[in-house]
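K.L.:
A single structure is presented below for examination.
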Amino acid sequence: MIIGVPKEIKNNENRVAVTPSGVVEFTKRGHEVYIQTTAGDGSGFTDDQYTEAGAKILPTIAEVYDIAEMIIKVKEPIEPEYKLCKKDQLIFTYFHFASHEPLTKAMIDSGAVCLAYETVESSDRSLPLLIPMSEVAGRMSVQEGAKYLEKPLKGRGILLGGVPGVRPAKVMILGGGVVGTNAAKMAAGMGADVTILDLNLQRLRYLDDVMPANVNTFMSSEYNIRELIATHDLIIGAVLIPGAKAPNLITKDMLKDMQPGTVLVDVAVDQGGCIETCKPTTHQDPTYIIEDVVHYCVANMPGAVPYTSTLALTNATLPYALQLANKGWKQACNDSNELKLGLNVISGEIVYKGVSEAFDMPYTPVEKFL
Ligand SMILES: NC(=O)c1ccc[n+]([C@@H]2O[C@H](COP(=O)([O-])OP(=O)(O)OC[C@H]3O[C@@H](n4cnc5c(N)ncnc54)[C@H](O)[C@@H]3O)[C@@H](O)[C@H]2O)c1
């Protein structure tokens, strides 16, 4: 198969969808890989490394879209790319269609086959192509929180791990899923006093078993949250209710009960946030202050560490991309229910219920195309 990897053109997106190591895996199976020049620069991969791995470099994005049977990307196509997507071309990337009507209409008009990373789903209902970014964001939330706890950055001026004779910072994590578990590991490793809250008792039992002694688990309830916020220095929002806006677990009136300089990192900002006063920020201007409480609400946290994020993402996507290249999308989706669930739009028709419902557009069962 002919595979095309365009350079990401969304603002501040430095990740790339295939690494030189991925190119080797494709080419040794007989596929051809075309990479747009400098596509890997932001993640530390040069054109020369891609060429040595067996890829061919193309000078423009239009040439990549023009030659490829399968486009592999990171972010959804943005407006200048809409007209480049072709009929019957397979596009494998994050789409997040349900929150983007113009994109959905553009992909319907293109006639392309859109297989979305975010809806590829394993039999245990986990989302294997979302997990790596949650791992990155969870670990980063503690790094960022520790930084903004410093006094010059308007925090309380407390060191996460303390020192002998001085207590460590107290870190509270709302939600013990992928983000929350990774945040807890980092905070505990740095010596902080960590509390994780979740509604799922099974999950709390598991975390209690595997976490070190400086991590405590708590049932999530308004009462417990109100009691804990007054004494915690760093609060991380990491809840998810699939397909719904995150619940406001920390309301505006609670800010006055926090110590001045408390830092809130709301990782769930991309689902509306679990802190009422959360509004999306960028890496250029990541924080704002309300009632002396520092808010960090960057919607694409992994974008700040493209080297790690690219490797984390491609480690997860490559096995699926290889199946698609080796078998073609129809056979690959017939053989793998995980991949089949990733199909969102095919030849001008919406084949994913959530997307058709989001825009009240017609739905076609995917089986029509398989
Ligand atoms: N900002 C970013 O850059 C970024 C990056 C990756 C993920 N995210 C977001 O982070 C959030 C968490 O993702 P995840 O992968 O950890 O999800 P997950 O499904 O693995 O975990 C969510 C957890 O929240 C718990 N939960 C639900 N309601 C709760 C409540 N009321 N109180 C306490 N816990 C509750 C669930 O039981 C679950 O354990 C999502 O909104 C995701 O989109 C953001």
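Just so you know, glycine gets a Cβ as well, placed from its N, Cα and C.
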K.L.:
D198, R203, S220, V239, L240, V267, A268, V269, D270, V298, A299, N300, M301 bind NAD(+) according to TrEMBL; which of S134, S347, S356 goes with them?
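P.N.:
The candidate from S134, S347, S356 that TrEMBL ties to NAD(+) along with D198, R203, S220, V239, L240, V267, A268, V269, D270, V298, A299, N300, M301 is S134.
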K.L.:
Under a three-state reading of DSSP, tell me whether K75 (substrate binding site) is helix, strand or coil.
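P.N.:
Reduced to three states, the DSSP call for K75 (substrate binding site) is coil.
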K.L.:
The record names S134, D198, R203, S220, V239, L240, V267, A268, V269, D270, V298, A299, N300, M301 as the residues that bind NAD(+); what is their largest Cα to Cα distance in Å?
P.N.:
26
K.L.:
Looking at the recorded positions R15, K75, H96, R203, which sits with the largest number of other Cβ atoms within 10 Å of its Cβ?
P.N.:
R15
K.L.:
If you measure V239 (NAD(+) binding site) to H96 (active site, proton donor/acceptor) at Cα, how many Å is it?
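P.N.:
Checking the Cα atoms of V239 (NAD(+) binding site) and H96 (active site, proton donor/acceptor) gives a distance of 19 Å.
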